[in-house]
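Here the structure comes first, spelled out in structure tokens, and everything after it is commentary.
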């Protein structure tokens, strides 16, 4: 039981965000005794994904701003004379300015509930002009919260079953049968979504309805478990640090991924597709033959720009935007390179930064598809859970809904020696990792946080219609006014398992200059039109219709220096929440740096041992074998095989 945990660990991790989960997995893999706790009822913290009703419950929880769990009234009495306590925060203050809008027809009847839900959900949604979220949404039970995200383990895979394919990257075209079939895969026990999805009415009826039939709010509620809505919107660079870590540690076997199929640009009021690969460039009908040659020549130079310093040395002091004007590129090509390939602003990056970003983009092309990016099926919230699963495989102990009241500090040594949890139990440890949101106002009184503006939209079709309705797109809308920031738009289709059929899930993200709605609503108005009753007869609406929208600001603690926190002991390490960047490199770098402080002589998330090499005879037990002998079937690849992994597109010799 959670109220009777072991009294001593090597590492205690508070918070289940991505950096904390990676560190917990790395420590557990290196033989440390790890306790991983979270006061929330779900994994991931601000990295989590929710079903639709789960998101409404999350909104209600933040709007009520109540304590996450009840406080143990007598924890202060457990502090000895030679000790002092650092109290932790009991409320999450990382989310602000929450505003919800529903544009879909609200024909919600009392008998409508989320298909496959464990309890009836009498959820109400605000009207278009309201700013309060569903007050009557039920708080999720533990099973519901865990079912909002799930990973798949291919237990039938053997060491020789395809060692050359480190990541399960699915084709974009996914049939309805594949989306709802679990026969050939083992569903992870800690999640309930896929177990219930077999009994859930398939959303094919929605896709097969006549075009005049509109998606209503009751349909969204009924198909709510088809949604996996990320709190933070990111993609994985195919040659980024996180992909390398997933492959190296074999954690990639716990998840599946989709290719991002299109890079889009917003220019002159229209959405256009950006050609990235060589094939895209020469097949593009938007570019003239001269432009194609210009673009290919410039992109070829960017791939090897470091070998030709004379070409850019004189332009190091100017912005990348100004540098592009000196090259033989048309305004159209300059726009594509700046905003959709380098993904930088006109004033925010130097020539060197722009060239590095362009090279990184091109370097990631072709590894798993025609774009540099991957997206995890069932949402970004899968990734923390994958690393939590690795930690558990090697002996880590997990407790959700388990609050820590305070850190106990020894006055003489100045180091943290224990925690006191919500049951009043004192748990001793050598090292403590705390996610920033758990620190109290007293500890963070001198910290200056940035903010991220986020919007989540449900729409009826893509921002750029094509023959296929299963497109996954990224679009950058540049800033128009001084002091504002470019907005990143990621559009997900139903084959990503993040939304119901016939709909799209759209994420907007930018660095905050005002509230999320003030930052992002102008872009929403450019790309979408409200789903109003007056447009029922007009099927040829130019813009996608907006069914439902959510705006909120999220704290960005990624650039906070440790010295900004007040009186933290040297063995207490702080992990930041999500940053505003597109990739996950910051989380991986942070996790590796903190792990090296805890275990300076250990390898960071090494490949798992080969089950065939594990010796169960106690007289000749190998050091590594003892860590995983209890669960040898969870690791299928040998270190040798992992080190020799090749890209899927590379031919075998």
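Quick reminder: no glycine exception, Cβ is built from N, Cα and C everywhere.
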The annotated region 'Disordered' range in TrEMBL, which must be one of 550-601, 602-653: 602-653
Overall pLDDT for the domain 'RAE1/2' (452-580), taken as the rounded mean: 90
Residue distribution over DSSP helix, strand and coil in the domain 'RAE1/2' (452-580): 21 helix, 45 strand, 63 coil
